[in-house]
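Trainee: Input: one structure, supplied below.
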Amino acid sequence: MTATSSDAMANDAAAPQGRPGILARLLPPHEPLEARRRLFLLTITLPVVLYVFVCSVIPTLQGLFFSLYRYNLLKPHRNAFVGFDNFARLWSDSSTHAAIVNTLVFTGSAVALEFVIGFALALLLWRDSLFNRISLALMLVPVAVTPLATGLIFRGLLTPDYGPIGYWARTLGISAERGFLGTPETALATIVAMDVWQWTPLMALILLAGLKAIPASVLEAAEMDGATTLQRFFTVVLPLMVPTILLALILRMIDATMVFDTIYVTTNGGPNDATNVLMIAAVKQGLEFFNVGKAGAISALMLAMVAVMANLFFLAINRYDRKVAP
């Protein structure tokens, strides 16, 4: 009995072990734990880094390269290096001036309205209840609609001939026969209203997440000290919400700077450049006039605007961290 058991144990010991898994081969057991952890993180993040490099970094560098050339697809024999001549031409182009102003006005007004309305909605939905959860789910429906579909929906609603909003506005004498989108004085404001309708729920969701992260004990302590609701908001809630507010603002500002789909399907930059923004101008130069060099210069200008916004965001965050640091 003992000999048989010993033979079985010897056979089990001599049997070949299973082949180690992929992670075991990538992360040798003799490596320190921290080194193995770093190698694992590098392995799972490398595909994302490659994707960003191929789909973002390379096109950006290519656009910057074209911005230094007179590059026209219809006139390849005239393509040549011109340095910053494309940028100089932008400053003398009235259409580009209108695009810059419209981009700044659209971004500032849309993000400001979305922040104010979104913060109010977040405060209303702060208390956890079944009604608030259902309201939040319904409120997020516009975010699920693509900007292209949003533009098509509002274009139909605002059409003076058969759109319900356009019809009643024309009946009441609020808008001319061309409608809100066809009138230069109201076109950009209408685009802003469309953007506010779609993206205010996202702003509210981000701000609501920040409100939910505030410890209840802090609010209870302020209440026990005799602070009113308004005092608690300005002395406790608002200071703790600064990082979340800055994050929400920078995300929406960058996204609003690159607005394209909604304007493209509604006005395509018109009427009379009233809704012409930098992204529309870049697409027109590149795909309609085949002036790749000028399109690259406009894209570089947009990149500079986004970089300035991002730097301002990081400066504000660093200043806030230094202020609250013990």
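Counting begins at 1 with the first residue displayed.
Any Cβ shown, glycine's included, is placed from N, Cα and C.
Unlike curated entries, TrEMBL annotations are predicted automatically.
As listed in TrEMBL for this protein:
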- 39-69: transmembrane segment (TRANSMEM)
- 99-124: transmembrane segment (TRANSMEM)
- 100-313: domain 'ABC transmembrane type-1' (DOMAIN)
- 136-158: transmembrane segment (TRANSMEM)
- 202-221: transmembrane segment (TRANSMEM)
- 233-254: transmembrane segment (TRANSMEM)
- 297-317: transmembrane segment (TRANSMEM)
Trainee: Sort out for me which stretch, of 202-221, 233-254, 297-317, has the most Cβ pairs below 8 angstroms to the transmembrane segment (99-124).
Mentor: 202-221
Trainee: Looking at 39-69, 136-158, 202-221, which one has the highest count of Cβ pairs under 8 angstroms to the transmembrane segment (233-254)?
Mentor: 202-221
Trainee: Determine which residues of the chain contact the transmembrane segment (39-69) at the Cβ level, with the cut-off under 8 Å and only residues 6 or more beyond its ends counted.
Mentor: 23, 26-27, 31, 79-84, 86-87, 292-293, 295-297, 299-300, 303
